[in-house]
């Protein structure tokens with residue numbers, strides 16, 4: 001690397017660092033930033049006389065520019081040296097002149113915080129800032145519930161740690177921001193940092209932040225080991241993670257790293273590595289510091305789960321109900337040992353929200369077995385070659401005209417090849433026509449051998465169609481054919497459900513069956529939208545589906561003997577007209593309780609509101625039960641429910 005290129009990279013690294021620390025809006029992934037810093041270090045080690053004083057390797061963070069007051073730390077807050085593999089870890093240990101007795105703990109991916117206590121009282125809280133001076137966020141710190149406001153130690157002490165947002169809370173925060181049309185946080189770390197730096201303390205409070213201590217600054221403690229210091233701190237009332245170890249040697253450190261890496265997905269908060277630290281405080285004092293790092297500790301980083309790459313195209317996938325899902329085609333990138341070439345974009349509203357274009361640089365995250373997704377678009381890096389992503393007009397598979405609802409774009413052709421197999425699997429499933437023995441694998445086998453080519457072809461299957469197919473003997477074939485014959489006698493609402501119409505589930509299908517009978521598919525938009533519980537989106541979906549498929553539905557009527565169940569409700573029941581929500585695990589399937597409630601004139605809803613009359617709860621009931629108690633909705637267990645319906 002030449003000096004000119006080095007200085008350009010210094011400027012780029014500073015730009016990325018300011019965006020990260022000052023605005024909580026990163027312009028590059030951690031992996032991309034780390035790689036750039038490593039390039040700078042290589043040049044600087046080989047050209048010591050040409051090191052720029054502006055290089056990020058020579059400072060902790062940019063000078064603070066914010067609406068918060070500045071507050072000086074009593075002792076400097078240092079960054080940590082990163083190591084990425086065993087050889088780098090052993091090289092660090094050699095420089096630290098230490099081969100034994102290491103303190104290790106998770107490196108949580110959050111925002112660093114310095115707490116100052118005097119006379120046992122919390123007097124201030126500050127961000128890391130540039131290491132010497134941070135932002136005074138004391139008022140927000142008082143809103144973090146798990147930070148003790150009073151401790152049993154009366155001398156002056158700085159307690160330092162990481163503020164994190166749990167993964168579940170992060171998803172809830174972004175869901176709320178999406179509803180308010182606010183920009184989404186790219187990751188929990190940015191959310192934690194942004195939550196600490198709110199001018200409105202009530203926002204900090206509602207974010208449910210957690211503080212995990214990892215060290216001390218100014219103090220008059222007399223311990224000889226860091227592990228003793230941290231035990232003392234946690235005994236004051238601070239949170240302790242369950243993965244904290246003392247390792248006798250580097251082999252044990254490596255074993256602990258592998259163990260912690262397996263827990264990465266299970267931990268409720270994000271981790272990006274493991275902290276490895278010399279436990280002997282006298283040796284730590286002897287080792288001292290570089291310009292930027294303590295020599296006695298390092299961050300043993302995990303493989304990146306988030307990287308920057310370029311979006312080079314869009315593929316369209318057709319789902320069971322005909323919904324078109326846009327999938328981003330990416331320049332291949334290695335994420336935690338997996339080569340990622342695509343990422344879901346969910347729908348076209350998501351494309352608009354992200355304002356993503358073909359040829360954009362994007363940040364891609366992969367978590368466990370979850371499909372990779374794009375979390376951020378680096379618009380500042382656009383080069384003028386980007387292209388808009390337009391809504392498709394024709395189905396990519398069958399070329400039929402698509403229904404464009406804005407958020408959802410759908411193919412209405414139920415014989416479309418890409419949706420046919422999944423349509424058949426849904427059609428014969430337990431909640432639909434309930435054809436015993438015609439499971440997913442059998443459907444795929446029959447489709448592969450062209451024995452099933454349409455939904456109707458199920459009812460034209462013959463004994464000879466199964467002959468020669470693996471696993472089919474006379475008894476099995478006869479049982480399956482008998483099950484198909486029995487399925488001809490089914491309730492109308494099950495048939496409507498089986499068609500897989502977008503937005504039309506079992507409850508809506510029952511309403512259509514009871515309201516219109518076999519003429520349900522010949523109604524107007526106004527007739528649909530006036531049904532209780534139906535909205536414009538449901539009505540539009542019905543109109544478009546029946547417009548395309550009304551003759552097919554009439555053909556089905558010739559194949560099936562559809563029954564219209566009359567719902568006989570007891571108007572004198574104590575639960576007549578009452579709304580129930582069911583949550584948790586009960587002794588019988590939830591559908592049985594639902595049917596009983598409806599037969600007694602009640603209704604079952606999927607969400608709790610002020611209009612809910614009862615919440616029937618079982619074991620492991622979750623947020624619905626909590627919300628019901630907040631709204632003072634009557635909550636009953638199974639025993640109380642049984643007594644209620646007996647009345």
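These residue numbers are counts, starting from 1, taken along the chain as shown.
Any Cβ shown, glycine's included, is placed from N, Cα and C.
A quick note: this is a predicted structure, and the numbers were derived from the prediction, not measured.
Of the residues proposed, 301, 341, 357, 373, the one Swiss-Prot records at the same NAD(+) site as 30, 31, 32, 33, 34, 79, 80, 105, 128, 162 is 301.
Residue counts for the domain 'BRCT' (570-647) by DSSP state, with H, G and I taken as helix and E and B as strand, are 27 helix, 17 strand, 34 coil. Residue 34 (NAD(+) binding site) is surrounded by 15 other CB atoms, counting those within 10 A of its CB over all protein chains shown. Taking all protein chains in view, 27 other C-beta atoms sit within 10 angstroms of the C-beta of residue 411 (Zn(2+) binding site). Same-chain neighbours of the Zn(2+) site beyond 395, 398, 411, 416, judged by a C-beta within 8 angstroms of the site's C-beta center, are, in sequence order, 318, 322, 396, 397, 399, 400, 402, 412, 413, 417, 418, 419. The Cβ of residue 30 (NAD(+) binding site) lies under 8 Å from the Cβ of 272, 304, 306, each of these being in the same chain and 6 or more residues away along the sequence.
Each of the recorded positions 107, 128, 301 was scored by the number of other CB atoms within 10 A of its CB, and the lowest score belongs to 301. Nearest neighbour of residue 411 (Zn(2+) binding site) by Cα distance, taken over the binding-site residues 32, 80, 301: 32.
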